[in-house]
Amino acid sequence: MDNSEKVSATSPSSGDEFKDVIKGLIKLLMLVIFLGTIFIWVLMPTLVYRTKWLNPVMRTEFGTSTFFGAIGLTFFMFMFPMVLMACLGCLYLHLKKQKNTNQLVREKITDGGVFAAMKRPMLVKGPLGIVSATEFILLAMFVALLLWNFFMYMRNAFPTITPQSAAKHHQKLWQARLEAMALRIGLVGNCCLAFLFIPVVRGSSLLPVVGLTSESSIKYHIWLGHMLMTLFTAHGLCFIVYWASMHEISQMVSWGKTEMSNVAGEITLLSGLVMWATTYPSIRRRFFEVFFYSHYLYIVFMLFYVLHVGVAFCFITFPGFYIFMVDRFLRFLQSRDNIRLSSARVLPSDTVELTFFKNKGLVYNPTSILFVNIPSISKLQWHPFSITSSSNLEADKLSIVIKSEGKWSKKLYEMLSSSDHHIDSSLSVSVEGPYGPTSTDFLRHESLVMVSGGSGITPFISIIRDLIAITQTTTCEIPKITLICAFKNASDIAMLDLILPTSGLELSTDLNIQIEAFITKEKEPRNEETQKIRTIWFKPNLSDQPISAILGPNSWLCLAAILASSTLIFMIIIGVMTRYYIYPIDQNKNKYNATSRSILYLLVLCVSIMVTSSAAVLWNKKKYNVESSKQVQNVDVPSPTFSPSSWAYREIESTPQESLVQCTNLHFGERPNLKKILLETKGSSVGVMVCGPKKMRQKVAKICSSGLAENLHFESISFSW
């Protein structure tokens with residue numbers, strides 16, 4: 001593209017400024033709602049909540065309702081605010097999505113002092129992993145909230161337990177206190193459960209508002225899971241000890257019709273313990289399938305949790321799970337399509353690059369990931385892989401790189417590498433995603449240092465390709481790039497060949513990039529003749545579809561509509577059903593079977609989600625799939641008469657493509673001196689990104705947090721699934 005055709009950075013228009021004001025108001029409203037929710041959690045264990053607010057006001061209003069009954073109280077206090085926050089988040093992200101690249105470029109890093117220090121790693125090693133000061137403070141505040149809840153529950157309960165009151169129930173004083181403590185520990189655990197599912201909502205509208213993704217938030221899910229299972233295990237053990245001391249062990253097999261079901265609680269705890277045990281690092285790494293399949297027990301866990309506590313109480317902890325259910329069903333609908341696979345490049349480093357066709361309207365940001373399922377290998381297993389392509393550079397293609405490390409990836413590599421054909425029959429593939437950040441801030445830095453180990457280079461390939469696209473469309477300043485990649489063997493250097501797309505695009509002179517490749521286990525290059533990349537093209541299948549956004553180009557608005565409409569439909573159906581079916585039997589006096597009520601409400605909730613989500617997906621398919629169908633039908637497969645050197649086989653040297661040779665240095669038999677490289681990098685703002693083994697991430701984090709250089713801004717890219 002000629003420089004005269006490039007877009008230059010301009011000052012924001014009045015329309016952009018108005019959108020910024022609206023976005024600011026939305027974030028402020030979301031903050032108010034969130035703080036209000038936290039305030040309720042702080043207030044819940046106090047006597048003020050029970051005596052001044054809950055009993056005289058809320059229960060009077062909702063407890064006598066013939067439409068919602070007792071569930072109306074918890075629904076409108078806990079679930080409705082969270083759904084409203086999610087809808088506001090969708091609106092915010094829709095407005096943010098329309099912000100152009102030039103505006104992002106102008107937003108240079110200006111924060112320093114306290115704000116910069118809060119973002120730097122505070123803890124590098126330990127069970128929590130790499131934790132920033134902000135994360136550590138928020139974690140400490142959440143633990144303080146749990147301790148506050150437990151202390152206040154105990155402070156209010158113990159004074160009411162006297163030897164006389166205990167004797168009325170044929171209890172000793174310590175037994176009465178143990179029973180009270182067991183119940184309150186369970187109540188504290190509910191606080192963890194309320195937030196447990198929010199970090200694992202891949203299409204979340206809450207996480208991106210605060211600059212998070214589901215991948216980067218996995219550690220929060222892990223923290224919450226450990227705290228939850230610790231509290232729930234203590235809750236269950238205390239009750240077992242209490243029943244044993246009271247000679248009422250038969251309570252373990254009781255299933256109350258209108259009261260709390262103990263059996264359901266025990267099934268909840270057992271399923272949770274199985275999931276908890278398989279998260280142990282050595283088990284998760286060595287037996288990933290066990291970890292993966294056992295986590296489907298979350299369905300059992302949540303079902304019997306609802307049956308244990310009752311549907312009215314479960315809405316206290318249900319908001320996060322409700323948003324997760326919507327996201328999970330949308331992922332299910334997307335995974336039903338077979339995806340059109342264009343080609344596969346088989347690298348000598350036991351690595352495969354898969355290239356899919358995508359809808360031209362699908363836009364994603366660098367460092368995004370795609371979940372892939374190949375039924376011929378496993379019908380149930382889904383694996384996340386970094387996207388290496390750029391939607392700004394390759395409008396109709398999407399590529400991922402898969403390194404042979406586990407059983408699943410090894411089977412895929414063996415399947416493709418053993419094929420003797422350059423054109424193969426279509427491979428059935430399903431996908432979920434892509435998922436990633438709603439915006440990227442690496443353009444704000446003057447310099448970028450990207451440190452990778454092995455296949456950790458893949459998210460950085462997408463960044464480099466995106467920067468190449470920016471140099472072709474804008475005249476804005478591009479940060480200087482230093483790519484430090486460590487490989488075990490010389491054959492792994494072939495992964496550098498993936499930096500540029502197969503279209504043969506060369507690096508722009510506007511892109512200042514330096515690549516330092518370190519081969520740690522070999523001291524000299526291998527024979528060049530053994531270094532070959534083989535490309536396999538797949539025959540088109542008219543039933544296959546290109547990858548597209550499940551909810552179309554206005555996906556955030558569609559998601560808001562699904563959340564709002566499914567909630568509204570649920571409320572209407574429940575209101576009518578309660579008024580004309582349950583209330584005549586129950587009279588708000590807990591006469592109706594608790595298990596039947598819970599199952600009935602859950603079915604209505606599931607149907608509401610399924611109907612609204614399916615309607616939105618079908619509407620978007622009908623509206624936008626005309627272009628997708630034409631795209632698949634017009635695909636041309638390369639003719640096998642082409643010269644092998646032109647598309648099927650291509651010899652490469654120990655360095656990548658010619659346009660990268662001059663900016664690449666190879667270092668055999670040594671490791672990168674990360675401290676020297678990082679501290680010598682020039683620029684007022686240096687973005688440091690690392691993706692690779694745990695020790696590498698910790699080493700880079702330690703350097704950035706050491707205070708030796710104030711210009712280093714750290715970001716770790718880690719996929720701990």
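Using the three backbone atoms N, Cα and C, a Cβ is placed for every residue, glycine included.
What TrEMBL records for 328-441 is domain 'FAD-binding FR-type'.
Per TrEMBL, transmembrane segment is recorded for 28-47 (among others). Within the same chain, residues 53, 77-78, 81-82, 84-85, 88-89, 92, 145, 148-150, 152-153, 156, 187, 191, 194, 209 sit at least 6 positions outside the transmembrane segment (28-47) and bring their C-beta atoms closer than 8 Å to a C-beta of that stretch.
The transmembrane segment feature in TrEMBL is assigned to 67-93 (among others).
Look at TrEMBL and you will find 128-151 (among others) tagged as transmembrane segment.
Marked as transmembrane segment by TrEMBL: 181-201 (among others). Away from its own ends, the transmembrane segment (181-201) comes close to residues 41, 45, 78, 145-146, 149-150, 153-154, 157, 207, 214, 217-218, 220-221, 224-225, 227-228, 231-232, 234-235, 238-239, 242, 305, 316-317, 319-321, 323-324, 327 of its chain (Cβ-Cβ under 8 Å, at least six residues beyond either end).
For 222-243 (among others), the entry in TrEMBL reads transmembrane segment. Long-range contacts of the transmembrane segment (222-243) within the same chain, counting only residues at least 6 positions beyond its ends with a Cβ under 8 Å from a Cβ of the stretch, are 128, 139, 143, 146, 175, 178-179, 181-183, 185-186, 188-189, 192-193, 195-196, 199, 249, 251-252, 262, 265-266, 268-269, 272-273, 275-276, 279, 720.
Annotated transmembrane segment per TrEMBL: 263-283 (among others), in sequence order.
As annotated by TrEMBL, transmembrane segment applies to 295-325 (among others). Beyond the ends of the transmembrane segment (295-325), by six or more residues, the same chain brings 69-71, 73-75, 77-79, 81-83, 86, 190, 193-198, 200-201, 204, 206, 260-262, 264-265, 267-268, 271-272, 274-275, 278, 563, 594-595, 597-599, 601-602, 605-606, 609 to within a C-beta distance below 8 angstroms of the stretch.
Here TrEMBL flags 554-578 (among others) as transmembrane segment.
The transmembrane segment annotation in TrEMBL covers 599-619 (among others). For the transmembrane segment (599-619), the residues of the chain that approach it from at least six positions outside its boundaries are 71, 303, 306-307, 311, 322, 325-326, 329-330, 333-334, 550-551, 558, 561-562, 565-567, 569-570, 573-574, 577, judged by C-beta separation under 8 angstroms.
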Could you give me the DSSP helix, strand and coil counts for the domain 'FAD-binding FR-type' (328-441)?
18 helix, 41 strand, 55 coil
Which one of these stretches, 67-93, 128-151, 263-283, has the most C-beta pairs shorter than 8 Å to the transmembrane segment (554-578)?
67-93
